[in-house]
Amino acid sequence: MASIHRCPRLHIWTVAILLLFVHGDSFYLPGVAPQDFETGDPLNVKVNKLTSTKTQLPYSYYSIPYCTPKSIIDSAENLGEVLRGDRIENSPYVFKMREPQMCNLVCRVPLDGKKTKAFKEKIDDEYRVNMILDNLPLVLPIRRQDQESSYVYQHGFPVGYKRQIAGTKDEKYFIHNHLMFTLKYHKDAQTDAARIVGFEVKPFSVKHDYEGEWNGKNRLTTCDPHAKHLVTNSDAPQEVDGKEIIFTYDVDFQESDVKWASRWDTYLLMTDDQIHWFSIVNSLMIVLFLSGMVAMIMLRTLYRDISKYNQLETQEEAQEETGWKLVHGDVFRPPVNSDLLCVYVGTGVQFFGMILVTMIFAVLGFLSPSNRGGLMTAMVLVWVFMGLFAGYASARLYKMFKGTEWKRVSLRTAFMFPGVVFAIFFILNALIWGQKSSGALPFGTMFALVFLWFGISVPLVFVGSYGGFKKAAIEDPVKTNKIPRQIPEQAWYMNPIFSILIGGILPFGAVFIELFFILTSIWLHQFYYIFGFLFIVFIILIITCAEITIVLCYFQLCSEDYLWWWRSYLTSGSSALYLFLYATFYFFTKLEITKPVSGILYFGYMLIASYAFFVLTGTIGFYACFWFTRLIYSSVKID
């Protein structure tokens, strides 16, 4: 009775927490609280990495000869930011709140062969400059062709552009050396304070002229607010081959109705939500089809089979029985390489836990894009702590297989998957380091990752294994015969390779549309913040993996083939093969990567992602089949 009385209080707490998340105006996440600025307060612009979708190699802003402040100060980055290749530093751009500035001179850069080459290389590879102000990334608004009033926002602005000279085949390089910044702010009605809600730029290329010899204080004739001569176009662009480049900027302030709590909405505006709904409806059709098949098997076929098997009384009838009951004496016989299966199932549980916990946090809004690197940091930390469940799951299964050396299985669970991933990652990191990119992990971060693995994850796997092995072994619902039964010759469509490859199509089909958006967000540097859709797709993936494995497992047992352990893992796990093939298709159709190193990086990271997907989907399929076989064999009377 006490539990009944406590329920209303529980509901009140649940409603209170939900209201807290719904009312964004009054609730701010840690570390991303709003900052109020009075008129005249200094606004310090920070610069981030240079990025390119052509090379996928980030570089620090000062790797090319841009204007520098008196001293360059690195901002402290979290683990996720370092893993993403972010390098946040101070800049010579300093604004004053609500004080517009025109034709502000930043510096003059005299050009030589080395500097010219550096600029040209970055323009060739279509690099973009990223900046941050009050935790908002700089965006370049581009008017949409189909809707005059709305804009698409691109990260940063291009370093420059190439243009072919009329009548020749030669191309000339031009640099964006004049930036027109627009800062949008939301003013408090009671006080004079304001909050920044938008940070936009329009880049121009202008060949600046000035009077007399350069002394640092010259008045520019091409950009002079006193003479009402402002930069509004790139009709006389600044070529990179000249003797100097003069960098200037304007700052304009615009009052906005957008409140601080909603300032990210324009960045995350989803223009293609209809496609996501189509994706979910498409996936639900697959789920309904499979659910219908599973329901038919479970209710009609199985119910009939179990009734028939339980009514077999005479010896003659028992000898004539066919189908899945025939293999009851072999169905729970431990498979070959059972140790390896335990390791993979444990790793899959660890990965499943990481995805589930991270996604719940993301759906609740804790991993918003304003918390840069938060998603990556959360995934690494949750993975480490899920080692406890990995050890427990692998040890429980190992004990069921009558194994005794639980420490060896624990060791393999702790090292196998992370070891393979770390080896690939280390090779890719060496390639990035060879390109002098800021995407290469510093030694300190590499050491931190190794410490998280060896210092926290490995001990937790052993703790989980110890707990799992101490528990009583899972009892089989039927006894296993001493002598293995011979498996009859199978029909061509029950061939293991064929059925495994067929099994992976539907789980992949359930997620491939969402996969397109995820790949676009990673490789084309776009925001991805539709975790609500992703969570629904993840639930659909779990159901699809479970159902396709149960259906194919039932057909396999009906044809008197009892080797289902590995087959159940590989059936749903084969969807990872389709994921990698789709990633290959995406590489050749959507990306413009030309450098060999960038191609190796892409396929290296997608190989890690596919391997992780294999472990995740394989484990879901295995546990579904494990539950199904135990259910059906515990329902029949065995003499």
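Here the Cβ of each residue, glycine as well, is placed from N, Cα and C on the backbone.
Quick look at what TrEMBL annotates:
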type	residues	note
SIGNAL	1-24	signal peptide
TRANSMEM	277-299	transmembrane segment
TRANSMEM	341-367	transmembrane segment
TRANSMEM	373-393	transmembrane segment
TRANSMEM	414-434	transmembrane segment
TRANSMEM	446-469	transmembrane segment
TRANSMEM	490-523	transmembrane segment
TRANSMEM	529-557	transmembrane segment
TRANSMEM	569-588	transmembrane segment
TRANSMEM	600-628	transmembrane segment
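If you count C-beta pairs under 8 angstroms between the transmembrane segment (529-557) and each of 373-393, 490-523, 569-588, the highest count goes to 490-523. Here the transmembrane segment (600-628) touches the transmembrane segment (414-434). Their Cβ atoms form 3 or more pairs under 8 Å, with each pair 6 or more residues apart. A Cβ distance under 8 Å defines the sequence-distant neighbours of the transmembrane segment (414-434), meaning residues of its chain 6+ beyond its ends; these are 57, 343, 347, 350-351, 387, 390-391, 440-441, 446, 449, 453, 457-458, 461-462, 597, 600-601, 604-605, 607-608, 611-612, 615. For the transmembrane segment (373-393), the partner stretch with the most Cβ pairs below 8 Å, chosen from 277-299, 341-367, 490-523, 569-588, is 341-367. For the transmembrane segment (277-299), the most Cβ-contacting stretch among 341-367, 490-523, 569-588 is 490-523 (pairs under 8 Å). Long-range contacts of the transmembrane segment (341-367) within the same chain: residues 21, 29, 335, 374-375, 378-379, 382-383, 386-387, 389-395, 397-398, 401, 403, 409, 412-413, 416-417, 461, 531-532, 534-535, 538, 565-566, 569, 612, 615-616, 618-620, 622-623, each at least 6 residues beyond the stretch ends and with a Cβ under 8 Å from a Cβ of the stretch. Non-local neighbours of the transmembrane segment (490-523) in the same chain are 53, 56, 272, 275-276, 278-279, 282-283, 286-287, 290, 530, 533-534, 537, 540-541, 544-545, 548-549, 552, 555-556, 559, 561, 567, 570-579, 582-583, 586, 590-591, 602, 617, 621; each lies 6+ residues outside the stretch with a CB under 8 Å from one of its CB atoms.
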